[in-house]
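Asks: Input: one structure, supplied below.
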Amino acid sequence: MAKFKVAERFVSINGESVKAGELAVFIRFTGCNLNCSYCDTKWANEADAPYEELTDAEIYDYIKRTGVRNVTLTGGEPLIQKDIDKLLLMLAMDEELQVEVETNGSVDIAEFKALTDRVAFTLDYKLPGSGMESNMCFSNYNYIDKKDAVKFVSGSIKDLETARDIIHEWALDIKSNVYISPVYGKINPEDIVDFMIENEMNGVKLQLQLHKYIWDPEMRGV
Ligand SMILES: C[S@@+](CC[C@H](N)C(=O)[O-])C[C@H]1O[C@@H](n2cnc3c(N)ncnc32)[C@H](O)[C@@H]1O
Ligand SMILES: Nc1nc2[nH]cc(C(=O)O)c2c(=O)[nH]1
Ligand code: SF4
Ligand SMILES: [Mg+2]
């Protein structure tokens, strides 16, 4: 029986990526292998992070009881969780569910892509401002497709310049969906728009984390 440390589980409006604006059930795991400068969920990564221990079956039952079809597995870092493949398979087998994994770009997704084609990956590319860029797994860009997404959380013009170059070098806007998301409160979204115009960044979407405009940006469970 696979067991997981779940920091929080809740139903909300997905504030990010391909399913933004739609209802989603969130399963947030504890623990992360990175330490991004801007992380808005550091509390879930602490050694003493609060959690409930749930089996894969208990997680599945919770999701089904909500009646919500979209599921986002996040964290912390979901793909470093022991037995996450078992949970992915259990959820992927339910044709009513649309499963998304928010992952930090450092974990090789090849083994998970080989498991099922019914899971969408929203891969971060950690830009220089995160301090975690050296951990990126570039081979992932050979596996992503049109149901996946690559997200560039940007806090500076330097970050945007790096995002522009990576998108071009790996043709990410052709292969998949590409989102630029401001580090909350660190960069003016107008500056991102100006940069996108100046650099003719067609095929790239600016996203704003919807939940931080609906609720207090520090609020958990939303
Ligand atoms: C908390 S992370 C958890 C999933 C995974 N560890 C990752 O980094 O993709 C979920 C998403 O929130 C983004 N994020 C974290 N802190 C943020 C902030 N201060 N402003 C904007 N996005 C942020 C991350 O970059 C990631 O795309
Ligand atoms: N409402 C809401 N939408 C989200 N989409 C991705 C999230 C995440 O933390 O991975 C997230 C989150 O924390 N809240
Ligand atoms: S990888 Fe995700 S959870 Fe981990 S520190 Fe970075 S933003 Fe936070
Ligand atoms: Mg979040």
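Sequential numbering from 1, following the chain as shown.
Using N, Cα and C of the backbone, Cβ positions are placed for all residues, glycine too.
Relevant sequence annotations retrieved from TrEMBL are reproduced here:
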{"type": "BINDING", "residues": "I13, N14, G15, R28, T74", "note": "substrate binding site"}
{"type": "DOMAIN", "residues": "19-217", "note": "domain 'Radical SAM core'"}
{"type": "BINDING", "residues": "C32, C36, C39", "note": "[4Fe-4S] cluster binding site"}
{"type": "BINDING", "residues": "Y38, C39, D40, G76", "note": "S-adenosyl-L-methionine binding site"}
{"type": "BINDING", "residues": "T41", "note": "Mg(2+) binding site"}
Asks: Where the distance is taken from Cα to Cα, which of the binding-site residues N14, Y38, D40, T41 turns out closest to C32 ([4Fe-4S] cluster binding site)?
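Replies: Spatially nearest to C32 ([4Fe-4S] cluster binding site) by Cα position is T41.
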Asks: Please list, in sequence order, those binding-site residues from C32, Y38, C39 with the Cβ less than 6 Å from ligand 3.
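Replies: Within range of ligand 3: C32, C39.
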Asks: Sorry to bug you, but what's the C-alpha spacing from Y38 (S-adenosyl-L-methionine binding site) to T74 (substrate binding site), rounded to the closest Å?
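Replies: Cα of T74 (substrate binding site) to Cα of Y38 (S-adenosyl-L-methionine binding site) measures 16 Å after rounding.
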Asks: For G15 (substrate binding site), what is the secondary structure by DSSP, using just helix, strand and coil?
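Replies: Once the DSSP labels are grouped into three classes, G15 (substrate binding site) ends up as coil.
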Asks: The record names Y38, C39, D40, G76 as the residues that bind S-adenosyl-L-methionine; what is their largest Cα to Cα distance in Å?
Replies: 13
Asks: Under a criterion of Cβ-Cβ distance under 8 Å and sequence separation of at least 6, what residues of the same chain contact Y38 (S-adenosyl-L-methionine binding site)?
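Replies: Listed in sequence order: G129, S130, V153, G155, V183, Y184, K186.
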Asks: Pop the Cα-Cα gap between R28 (substrate binding site) and G76 (S-adenosyl-L-methionine binding site) into the table, whole Å please.
Replies: 7
Asks: Which binding-site residues from the set N14, C32, Y38, C39, D40, T74 come near ligand 2, judged by a Cβ under 6 Å from any of its atoms?
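Replies: Once distances to ligand 2 are taken from each Cβ, N14, T74 fall under 6 Å.
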Asks: I want the residues beyond C32, C36, C39 whose C-beta is within 8 angstroms of the mean position of the [4Fe-4S] cluster site's C-beta atoms, in chain order.
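Replies: Along the chain, the qualifying residues are L34, N35, Y38, T41, K42, N45, N104, S130, M132.
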Asks: Setting I13, N14, G15, R28, T74 aside, what same-chain residues sit with their Cβ within 8 Å of the center of the Cβ atoms that define the substrate site, listed in sequence order?
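Replies: Neighbours found: S12, E16, A24, F26, T72, E102, H211.
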Asks: Which binding-site residues from the set N14, G15, R28, D40, T74 come near ligand 1, judged by a Cβ under 6 Å from any of its atoms?
Replies: D40, T74
Asks: Quick one: of the binding-site residues C39, D40, T41, which has its CA closest to the CA of R28 (substrate binding site)?
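Replies: Closest recorded candidate to R28 (substrate binding site) by Cα: T41.
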Asks: Spatially, which candidate from the binding-site residues I13, N14, G15 is nearest to C39 ([4Fe-4S] cluster binding site), comparing Cα atoms?
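Replies: For C39 ([4Fe-4S] cluster binding site), the spatially nearest of the binding-site residues is G15.
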Asks: Around the Cβ of D40 (S-adenosyl-L-methionine binding site), how many other Cβ atoms lie within 10 Å? Please give the count over every shown protein chain.
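Replies: Step by step: centre on the Cβ of D40 (S-adenosyl-L-methionine binding site), count other Cβ atoms within 10 Å, giving 14.
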